[in-house]
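**Student:** So Swiss-Prot lists these for the protein:
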TRANSMEM  3-23  transmembrane segment
TRANSMEM  68-88  transmembrane segment
TRANSMEM  136-156  transmembrane segment
TRANSMEM  179-199  transmembrane segment
TRANSMEM  259-279  transmembrane segment
TRANSMEM  284-304  transmembrane segment
TRANSMEM  384-404  transmembrane segment
TRANSMEM  422-442  transmembrane segment
TRANSMEM  490-510  transmembrane segment
TRANSMEM  534-554  transmembrane segment
Amino acid sequence: MQLMEYTQLALFLGLLALMSPVLGRFIGRAVLRGEQTWLHSVLGPVERLIYRASGIRPEARQSWRQYAASLCAFSAAGFLMTFGVLMLQDKLPLNPQGFPGLSWHLAFNTAVSFLTNTNWQSYAGESTVSHFSQLVGLAYHNFVSAAAGLAVAVAVMRGLASQESKTIGNFWADLVRSVLYVLLPISLVLAVVLVGQGVVQTMSAGTEVATLEGGHQFIAMGPTASQVAIKMLGTNGGGFFNANAAHPLENPTALSNLLQMLAIFIIPSSLVFTLGEAVSNRRHAWTVWFVMACLFMVGTLSLYKAETLGTPLLTEVAQAPVTNMEGKEVRFGIFGSAMFATVTTDASCGAVNAMHDSLTPLGGLVTLVNMQMGEVIFGGVGSGLYGMVLFILLTVFLAGLMVGRTPDYLGKRIEGREVTLAMLALIIAATPPLLFSAVAAVSGWGQAALNNAGAHGFSEILYAYTSGVQNNGSAFAGLNANSPAWNVTLALAMLIGRFGVMLPMLGVAGSMASRKARPIGEFSFPVSGFTFGLLLTLVIVIVGALTYLPALALGPVVEHFQMLDGLLH
């Protein structure tokens, strides 16, 4: 690596470390505790109006079961609305291109995808979805799916911080505050900045331009900047254009690239410090943050190294070392593409500024492992935090078993119920990618979708279902997934991955809230410092990533050795 690459990585992490504690404290005040902030003078009346119009009583607290029921009811209503909008878009306004309604299976897949914060796209946005569908059906979910994840994370924090309580907050109040005080203001500012960088924002269908060859080309446009801002900030990832953040009208400059990466990580990173504030343990927050940052750096440097080594066949033909620039934008280069790919697969975002299908086998392996570790390396908005709490509980439990102490976390005893729910969430998240991948690999509909045979074809299948279950949404684009079987199975994978982890973690929150914290003494396992950080890292890697080792051996690992031997499919 050159000095410039080290500088970019240091600048990114430095800005993240400076901004995250500030935003984390703000989220603690505005969402976790519902206190007055400097935004309340403007948005407070809007919040109260929403409560009155919706019949919400923000002071009414809910048990974890009531909280979960509200979450599921809200999600079901949002799914039905978006499904209807997509099916009927040819009869709705703001459709200057005259796009027809989507097929039932594509509408089902897309509605589930945006509902679950996955944003998997089996279609090209600029040639399939109308402006109305983008703004009302999809951009709406970019806000509320992220807000739902943030609300669940806040509920988990309350469960850890409360003592002898039967409630964990109010889902509706948490949802409204998350949108009004966190997502909406930041995305508004970011959208304006992105417009200044050259991201388009118009209601026009597009424009026709003369090319250098003397011909004419129609360039699709639309309300892009507003959707890009929230798709990054909410770790959604679904692009306005099919090329996503590689498109010059969606991510035109190196500065816009940096801002979009910061937007992806900023809320998940900040929530770590909100947790520290909630439980009055900032050292614990910094330890968890450094674990995330170290895993992120390892992923970025590994991916960068794999791409700079290139492929032996091209090196042999060129008679000189050739880096792998296939599928990458020259304006970002290998390091800018590698860091973005690591950010987006760490954070369950799924936006891409380079084609992951064109990565080297080891480069693709890094992106797969990032997701398979549970999307806890900062992770999605909310989901990264409560996913990390899951691994923290397992770490504390295992540490207690090793030293013969009763495991406790923040003064509260970890009992069989919490461990059972945590393991249930892990098993639920790990099973669908392996099961669906196995079925697709031996089925006619699965093989028919492949453009590549052999190990890389299997990697495409495994990547798709891993991305779906982990609510990431990125893809190895050589897979033609727009068919009834693919759309339905991927939608099921997304639903299982989203609610199969959310609901058990709400159960953990309810169980922990009912306990009384004991004074933390010398016999309590410390949840800060090097020892805890190392043990947490090992648990994430062993429990999270090694679950998939046999499948990875059949995909990118085999493909890497075939590449070294000069084998092609």
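Note: Cβ is positioned from N, Cα and C throughout, glycine not excepted.
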**Student:** If contact means at least 3 Cβ pairs within less than 8 Å, sequence distance 6 or more, would you call the transmembrane segment (284-304) and the transmembrane segment (534-554) in contact?
**Tutor:** yes
**Student:** Between the stretches 3-23, 68-88, 384-404, 490-510, which wins on the count of C-beta pairs under 8 angstroms to the transmembrane segment (136-156)?
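**Tutor:** Ranked by Cβ pairs under 8 Å, first place goes to 68-88.
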**Student:** So which of 3-23, 68-88, 384-404 is most in touch with the transmembrane segment (490-510), counting Cβ pairs under 8 Å?
**Tutor:** 384-404
**Student:** Cβ under 8 Å to the transmembrane segment (534-554), counting only same-chain residues 6 or more beyond its ends: which ones?
**Tutor:** 287-288, 291, 294-295, 365, 368-369, 372-374, 376, 391-392, 394-395, 398-399, 426, 430, 433-434, 437, 455, 458, 462, 466
**Student:** What same-chain residues lie close to the transmembrane segment (259-279): Cβ under 8 Å, and 6 or more beyond its ends?
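**Tutor:** Distal contacts: 12, 15-16, 19-25, 27-28, 32, 146, 150, 153-154, 157-158, 160-161, 182, 186, 190, 193-194, 197, 228-229, 232-235, 245, 251, 285-286, 288-289, 292, 339-340, 343-344, 346-347, 349, 351, 378-382, 384-385, 388-389, 410.
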**Student:** What same-chain residues lie close to the transmembrane segment (384-404): Cβ under 8 Å, and 6 or more beyond its ends?
**Tutor:** 152-153, 156-157, 160, 268, 271-272, 274-275, 288, 292, 347-348, 374-378, 414, 418-419, 422-423, 425-426, 501-502, 505, 508, 525, 527, 532, 535-536, 539-540, 543-544
**Student:** Six or more residues beyond either end and a Cβ under 8 Å away: which residues meet both conditions relative to the transmembrane segment (68-88)?
**Tutor:** 62, 101-102, 104, 106-108, 110-112, 114-115, 129, 132-133, 136-138, 140-141, 144-145, 148, 151-152, 171-172, 175, 499, 502-503, 506-507
